[in-house]
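J.: Sending over a structure as structure tokens; questions will come in a sec.
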Amino acid sequence: MKELQITTGCLLLMVAAIGKTSAIYSMSETCEYTPDGFIADPNSCQSYGYCKNNQLVGTGKCPDGYLYNNKLGICDSPANVKCISDSKNACLHATDNSFVADPTNCNGYCYCSNKTATCTTCPEFQLFDSKQIKCVYALEKPECTADSICRLVPNAVYVGNPNECGEYISCFNGIGTEGRCASGYFNKQLGGCQTTNPCLASSPNPDIGLGVIENLADNNFVCQVNGGNPTEEKPVFISDGQTCMGYYKCTSRNGPGIWGKCPKGLHFNEGKCVTPFTFPCTFDRCGNLNREFVGAIRTECKNFLICKNETSQGMAYNYAKYIGLPCTDKNYPFFNEVSGTCEKTSPKSDTYKLCV
């Protein structure tokens, strides 16, 4: 049976750096991207933690002779647990002058000499295949032995690289690929890219998008300019021009436009509230949606936005579009907002109109 030791006070984010490109995460960092529940300790096959509200609130260790089975959430016989947690021991049982997978990084490998590991990484977009003993492209689905945060967090998330502040690791189907933001730096607190360096100062709290909490002000002129001839019986609804879900209600050409927004889960388009993916809104598409990911328009359905507090986080904004982050697996290049995942084929259809 597991014994849980509750921790109190501030939690220090400890990073174990073994070589320049290794990516060992503390349990505190793992909890930042993990729902409530138990997680494995990426630095110890015997240890585990408990996450609550994205914080590490407890730690524990299995009895001697047992290892933590993350799939079952129990302390289990070593025969039932596959765990490699320390790259410095990668060469202990390897043949001298040979190459082995870096157990902390899927696109890394180590050269073994006198039981000592010297680790490096494969070229960009490639992973190390421990069976073929060579670097191959991710679409070939190489066997990855890395016991990294991608083994412990939900699928299709981007996490910060603890050894290279401002860079990220994309996690898809348990496999992690290191990357850099084209627009600048990755902010691990916000889960997205930004132009300023988050490593120079404390990262800000996520901003809240327009109309998410506070209503926008009414508009005294919108009904005169765009309202046509509205009446109390036949009001006219006009986009607020700032959000995807907001509108102005006009009941008189001379009266003010009263701001309102669609019911949760809907966006406003051409006078009515509709399913969000049926039109390419050019404002923050996270608004009014209880989603972790939404599609980014004008990217041919190959990019997506990360949402927190109904607001896209840290994404580049350019030419009236949120660019977002790409699906990194070349075998699954298209993002589908309906399923919330990267898929093989484009979701474009007569009703799914984000692929513009």
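Cβ coordinates come from backbone N, Cα and C, glycine included.
Not my notes, these are from Swiss-Prot:
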SIGNAL    1-23  signal peptide
DISULFID  C62-C75  disulfide bond
CARBOHYD  N114  N-linked glycosylation site
DISULFID  C122-C135  disulfide bond
DISULFID  C181-C193  disulfide bond
DOMAIN    220-283  domain 'Chitin-binding type-2 4'
DISULFID  C262-C273  disulfide bond
CARBOHYD  N309  N-linked glycosylation site
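Let's see these features in context: how buried, what's close, how far.
T.: Of all the Cβ atoms in the protein chains shown, 20 others lie within 10 Å of the Cβ of C75 (disulfide bond). For the recorded site, C75 (disulfide bond), the DSSP three-state label reads strand.
Cβ neighbour count for N114 (N-linked glycosylation site) (all protein chains, 10 Å cutoff from its Cβ): 7.
The number of other CB atoms found within 10 A of the CB of C122 (disulfide bond), across every protein chain shown, is 24.
Counting only same-chain residues at least 6 apart in sequence, those with a Cβ under 8 Å from the Cβ of C181 (disulfide bond) are G166, E167, Y168, C193, Q194.
Per-residue pLDDT, averaged over the domain 'Chitin-binding type-2 4' (220-283), rounds to 91.
Remark: C262 (disulfide bond) has M245, G246, Y247, F268, C273, N288 as non-local neighbours, by Cβ distance under 8 Å and separation of at least 6 in sequence. DSSP classifies C262 (disulfide bond) as coil under the three-state reduction.
For N309 (N-linked glycosylation site), the number of other Cβ atoms no farther than 10 Å from its own Cβ, over all displayed protein chains, is 15.
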J.: Translate the DSSP assignment of C273 (disulfide bond) into the three-state scheme.
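T.: Note: C273 (disulfide bond) is in a strand by DSSP.
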J.: Between C122 (disulfide bond) and N309 (N-linked glycosylation site), find the distance joining the two CA atoms and give it rounded to the nearest Å.
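T.: Rounded to a whole number, the Cα-Cα distance is 37 Å.
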J.: Do you know the DSSP helix, strand and coil residue counts for the domain 'Chitin-binding type-2 4' (220-283)?
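T.: Summed by class, the stretch gives 8 helix, 20 strand, 36 coil.
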J.: Among C62, C135, C193, C273, the disulfide-bonded residues in question, whose Cβ has the most other Cβ atoms within 10 Å in this structure?
T.: C193
J.: Given the recorded positions C62, C75, N114, N309, which one's Cα is the least distant from that of C135 (disulfide bond)?
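T.: Of all the candidates listed, N114 is nearest in space.
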